[in-house]
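Reviewing the structure listed below.
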Amino acid sequence: TGFVLLGFHDVPELHLLFFIVFTVVYASIIIGNMLIIVAAVSSQRLHTPMYFFLANLSFLEILYTSTVVPKMLEGFLKEAAISVAGCLLQFFIFGSLATAECFLLAVMAYDRYLAICYPLHYPLLMGPRWCLGLVATAWLSAFMVDGLVVALMSQLRFCGPDHIDHFYCDFMPLVELACSDPRVAQVTTFMLSVVCLTVPFGLILTSYVRILVAVLRVPAGAGRRKAFSTCSSHLAVVSTFYGTLMTLYIAPSAVHSQLLSKVFALLYTVVTPIFNPVIYTLRNKEVHQVLCRLLHIKQTET
């Protein structure tokens, strides 16, 4: 009827430290991404496709981490129990949001490619209806893909050990507890993972390669250095996110221990969400100006 999430049970002496660190990280993720959403919504200057996509990414990151981190924090203080239905629901929401982020990061890379390589045609190519359609497609496709996986997982029978050696309900640890044959769910998940990870990642790499080629044609100077810095930062975060997901879902045999699997999972559940606001927006001068103006208005009102 339920499971117990073991989390990082191998190092109980570090649980209090982990609780403090991840609580601070979780609060930073929520605050950082909320600032981006507030800035993008409140300022007319930021009503552009790039900031529309960034606001969606920030909203997604808040939901994404809130699905996993609170349960992980509970596991540092006491035994984290979860029902079978709750476990499948957590996997469905988390998996759908992770898949949506894969699609959304590809859309954002494509947006930057059009803005840099086709600046004159950009307003027509990235109109409001097209932007909304891309975001809606990313979200709906993700929930449909993971809905299929969860529908197959719900047909499995679980018996025997009720302990999941992870800090959230992930696919592999959950399937390992199934008494019925999980091969249909495993093959389906593998095929969907290949498509949903490699295709968007390929689009991102193609977009950034073309951006770099366009930047190399610009005379050397501050503009080129800034473009290289921005592209390298984006690619670093994207590679961490996609790389860990590909390792765990496409080539799980490459991870030789469950502890290493948990460390990899932390990279895309906690590390990437805290770096996304910094890399994409919080060092942007326009966002700084908007946030400073909003804080000044609030102080004036008080």
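Along the chain as shown, residues are numbered 1 onward.
Placement of Cβ uses the backbone N, Cα and C atoms for every residue, glycine included.
Looking just at the domain 'G-protein coupled receptors family 1 profile' (32-280), the mean pLDDT is 86. Among the features that TrEMBL reports, domain 'G-protein coupled receptors family 1 profile' is placed at 32-280.
According to TrEMBL, the feature transmembrane segment maps to 16-38 (among others).
Taken from TrEMBL, the feature transmembrane segment covers 50-69 (among others). A Cβ distance under 8 Å defines the sequence-distant neighbours of the transmembrane segment (50-69), meaning residues of its chain 6+ beyond its ends; these are 22, 26, 29-30, 32-34, 36-37, 39-41, 90, 93-94, 97-98, 100-101, 104-105, 107-108, 111-112, 115, 131, 135, 167-168, 269-270, 273, 276-277, 280-281.
Sequence-distant contacts of the transmembrane segment (81-110) (same chain, six or more residues past either end, CB-CB distance under 8 Å): 1-5, 50, 53-54, 56-57, 60-61, 63-64, 67-68, 71, 134-135, 137-139, 141-143, 145-147, 149-150, 153-154, 158, 164, 168-171, 174, 196-197, 199-201, 203-204, 207-208, 234, 238, 241-242, 245, 268. Annotation source TrEMBL lists transmembrane segment at 81-110 (among others).
What TrEMBL records for 130-153 (among others) is transmembrane segment.
Among residues of the same chain six or more beyond the transmembrane segment (190-215), those with a C-beta under 8 A of the stretch's C-beta atoms are 99, 102-103, 105-106, 109-110, 112-113, 116-117, 142, 145, 148-149, 224, 227-228, 231, 234-235, 238, 242, 245-246, 249-250. Annotation comment: TrEMBL describes 190-215 (among others) as transmembrane segment.
Taken from TrEMBL, the feature transmembrane segment covers 227-251 (among others).
The transmembrane segment feature in TrEMBL is assigned to 263-282 (among others). Listed as Cβ neighbours of the transmembrane segment (263-282) (distance under 8 Å, sequence separation of 6 or more from its ends, same chain) are residues 22, 25-26, 28-29, 32-33, 35-36, 39, 51, 54, 57-58, 61, 64-65, 68-69, 98, 166-168, 170, 233-234, 236-237, 240-241, 244-245, 247-248, 255, 288.
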